[in-house]
C-alpha cells in the first residue's frame, strides 16, 4: 500500500533546508524503502512509502532550518498489522495433580486478543469459551495455565488470536492427561475382633499398568513368610484395587499398614491402622472392706482391656435368696473401688463386678459374700397423720423412713390416749406390710373426743424413736349418705329434680348442695334445705344439655356425691322457612320476612344476612346483628332481572342455622329473567372433569360405608353408668363425650342428618331413639326415668346427590350437595351450594296439658312453657305415658315415618350450626 506524507513551510525566509526524522533518528530511505522529494525551494517536502509494513510504525518528524531558526512538526504513523504467532500452541502431555501450561503468544497492531476454547463433543466440532477460574486461568501473555491438572481436563483446546485486522489466527491442540496413582483417602482406621477374618483394601485410580506394595510397620510384607496373609489385586472400571486378607487376626496384627500404588507417572501411598480388639477380661481379686450395717466398700484389680479402653465397671449384688437387691451401679473405667450404700442391716449379700469397653462387656468375676451388721430402727416414721373416719374411729397413716428398708422393721407400735391426759399411751402392735405407706384404724373410741397419736417402729434389736404426736377429734355425727336422684323433667328453661335420702340419728342432714353446669362450663352450686327432696333449676339455656349431681351435708362434713346425670332442656336450633314465605322480590329490592323463621322452641336472638349476585364469590354483609323485633329487612339497589343468592343465619340458645336462597329480581317489564348461562353448563363441566369427580365420589362412598358400619356397631351398645362427680371421696368427673358410650353420646353441636323437604332445601338435627325405652341398667342408676329399654341410636345417612329442577318462572336447575356446618356465628364464603332442608314432619305434638317430658328430648318446634303448674305430673298421667309407649318394633316402624313419640336429638352427628340453601 502506497503512503505519502507532505511537509509544507508556509512562512520564513530562504534558503530553507528540510530533513526527516523517524523516532528521533535520521530517516534512512533505503531501510524503509521510502523516497523524499523537495519542491518550491525546499518549502514543500514529500515522504513517500511505496509498501507499508510493520517496520514503518513510528513517529515521523519534518525539520526545516534557515539562517535564523529551526521549525519542526511531528506525526505518528500507525500501520495495522494482522496477528502473527510469536509462540504457536502445540500438543502437550501432562500428569494429573501437577501444574500444566499451554503456550499461545501472538503479535500484531493493534496487539491481538487471545481467547481459549475447549471442545465439547466427539469429534471436536464445537468449542466452548474458557473463563478464568481457580482451576484454570488465562495468563497475560495468552498462555492457558492449570495449577493442578485433572483427568477431566483432557481434550482439544482452541487458541484464537485476533486484533480486528485480517482473518486472525487459530490453532487446535490436544491436551493429554496421564494420571499418577491417587487414593481417595490417605488414612483410615480398621478395627477387627481377634480370630475373625480381616480384609484390608485400598483403591486407587490412574494410568495402567499399576502395581502395589504392602508394608507393615514400614517392612514389606511377603506372603510367603506369613501364611495367614494373602494379597489380591483387581482391576476396576475407574481404577485398581488391592486387598490384604488376614485369616484369623491375632493381637500382633495390630499395626500400621501402608499400601503404595506405582505406575509410570508416579506413586501414592495410603496408611491403614489395624486394631485387633476383644472384650476385656473379667475383673479379678474382688475384695470387701469396711463392713457396717448399711455400707460395704469393694475393691478389685484392673483386667486386660482388650486393646480398647475400659469405659466403665458395673457392680451388682444380690441377697442370699438370689433376688437382686441393688444395682447395677456403674463406676468410671479409671476407678477400681466402690462403696455400696443403702444396704439392709443383718443381710447377707453376694457382690460381683464386670467391665465394658467399646466392643462389649466382660464376664462377671468371682462373687464375694459379705453380711451387714444389724441395728434397731434409727428413724421415726414420717408423715404421720390421723384422719377422722367417723364418730368412733380414726385412721392413722404413716410412711416408712427412706433410710430404713422394709425388712429391717418387723412392725410398728401405734399409741393413742386422750389429748392432754397425763396417762401413758395405749399401744397397738401393727405388722409391717409391703410398701412404704402403712396404716392402722383405731376403733372403739368415744364420740366427739380429741386423741393424741404416736407411731414407732421396732425389730429384734428394739423399738425406734417415736414420731411426733398428732391430734384428731372423732366426729359428733357421721356424714350423710349418698342422695339418689329418682326423676327429672325438663322444659325449655327449667329442669325439675326429685331425690331420696333418709336421715339417720347418727348422720343427720343439714342441707343439700345441687351442682349443675353446661358442657365445658364451670360447676354452679345451689344450696337447699335438708327437708327438701324436689327442686327446679330455672333460667336455663333453651335446648342445652346440663350435667347435675347432688351432695348432702351436715355439721360434720359433706357426704359422697350422687351419680352425675345429664338432662337437656327443650328446644332446637331455628328452622329455615320456605323461600316464598321469607322473600318478597320486585325489580330492585327484596324484603326479608324475619317472622317466617321457626324458632325451634328457643327464642331467636339475632340474624345475619348477606347476599351476592350470581357468578360472584364475595358476599355483601347487610348486618350481622339483626334482632327479630325488626320483623322485616329490605335490601335495595339491586339490579333488575338479575339472579342473587341470599345467605341468612339465625341463632338461638340451642344453636344456629344457615340458609341460602337463590332468587331473581324482576325485569323492567315485570317478568322473570332467563336462567343463568353458567348453570346450563353444570353437566358439561361435570363430564369434562370426570378424572376428578370419579375419585372424589368413590372416596365419599367408601367413607359413608365405613361410617354406616361404625354406626350400626355403636348403636347396639348399652349406655353405661353415669360417672359420679369429683368430691375427694373416690368420685369421678362426668363422662366426657369422648369416653361415653355412643348410645348416650349426643350433642346438638355435631353433624345433622338430612331428609327430603317441601321447603326446597335445609338441614336439621339428626334424631335418635336414645330414650324411646330405658335399659334396666339405667333404671338402677337413674331412678324412675322409665321402665322400658334404651340404647338404640338412629342416625340418618347423608342424602344422595341429585339434581332438581325449578318449577316455573324460568328458574335454573340446582345441584344439591351435602351441607357445610360450622360453630358459633362465623360467616362463610363458599361457592353456591344447595342442601336438603328438613321439615318438621312426623313430630308428634305433645299433650298441651303436659309440658314436662321424662326424656327431655328438646326437639319440639313449639315454644316451651315454664309455668309452675306444668312441672307437676299426676301418677295417673305418668302411668298413662308409660303405657302409651310403643314397643321397640313399633317404634322402629314409626321412626321411619318420623312418627315415634319418644325421640331425642342425636348429638353424635349434629353441629351447633345448620346450613341450608333454599331456592
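Numbering starts at 1 and runs along the chain as it is shown here.
Glycine is treated like the rest: Cβ placed from N, Cα and C.
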Any idea which of 646-668, 669-691, 692-714, 715-737 is down as transmembrane segment in TrEMBL?
692-714
Where TrEMBL places region 'Disordered' among the ranges 839-869, 870-900:
839-869
Counting by DSSP secondary structure, give me helix, strand and coil numbers for the domain 'Fibronectin type-III' (576-672).
10 helix, 49 strand, 38 coil
What average pLDDT is reported by the model for the domain 'Fibronectin type-III' (380-477)?
89
